[in-house]
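Heads up, the thing below is written out as structure tokens.
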């Protein structure tokens, strides 16, 4: 049963209430204080202070200072008025329980709204970063396309200029060849005329003279070069051409392979090797047995048995770095965190163990029961009794014959209802 703190002093103004609560001899943290608009609670096991305030306050602007064994609250009123008392004077337990539960529900709703708001803000930031990245990539793509277009235009212009020069050269060559051909035709006509004149003179001199073709040097001067035998080039020598192909990682032929899946697999393998090398770069000095997660788990269990919880946590941490798929590592580390009062870390490790203990099968029933109980214990020590009861009931569904878990669940129900447990 909790020990109620009755000793306190308070004073007020029209806009604020100042409450002084002595808590000498105990260590107080902000996690021990719970405050809503009409409900104030300070829980430092086994001590408990609870107050249902006379009127609503602005919990956002209200403050609490811890020091010298005193918690000094400055509670800002929502409406300026003088209170008749600090708390509501009402002996109706049902109404007080309703106000208490309503305050807890409001706190949960507010925390949920803040979580959703943070989630929306995070999504907006991601969206903005993605849009900015896309804009940068689009600008870079446009710049590259502009450079390509400029180079394309430059090459096209140079090619057109070269073609024009070639056409001009061909035209000039044809003009020169045409002039030379015209001169050759004129010379041929003159020589043919001279030949005809000589033949007529010979025919006139004697009728018996047999006409013989003249073999003048210039008779076939126009075709003399064309009649020469064309000089053919010598045959080319033989040679061997070597062709090299890029080797494939997979033995399957490219036409039968699935390139996208193979590239994704290679990328995952490379990423896994990179992560392993990055994580284990500082573990090169360890002994070979110290790189075995099972050996480290056994070492952590021995440390836990001797009460050296910090050493056990260090052993489990190193084992998790070597293999983060063993649920027992997280489950045992959660037990160490419970002993060290690292309650949030105990909840995280128990949740991770439950995540790895899927699907639920008979072989992992014992481990799942331990995970639910340890997480429920951490919730209860944080005074989140509703969440703790849910975990204990989940453990009872797996192991309904466990009387210890059933008794603890019954105690939590009485704490939630505000009634003393059965003797």
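Every residue, even glycine, has its Cβ placed from backbone N, Cα and C.
Annotation comment: TrEMBL describes 105-172 as coiled coil. Summarising the annotation, TrEMBL assigns domain 'CS' to 3-87. Sequence annotations record features per position, and here TrEMBL assigns repeat 'TPR' to 369-402.
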What same-chain residues lie close to the repeat 'TPR' (369-402): Cβ under 8 Å, and 6 or more beyond its ends?
31, 34, 43, 45, 104, 327, 331, 334-335, 337-338, 341, 343-344, 346-347, 350-351, 353-354, 357, 360, 408-409, 412-413, 415-416
Counting each residue once, how many in the domain 'CS' (3-87) are helix, strand and coil under DSSP?
3 helix, 44 strand, 38 coil
When the pLDDT values for the coiled coil (105-172) are averaged, what is the result?
89
Residue distribution over DSSP helix, strand and coil in the repeat 'TPR' (369-402):
27 helix, 0 strand, 7 coil
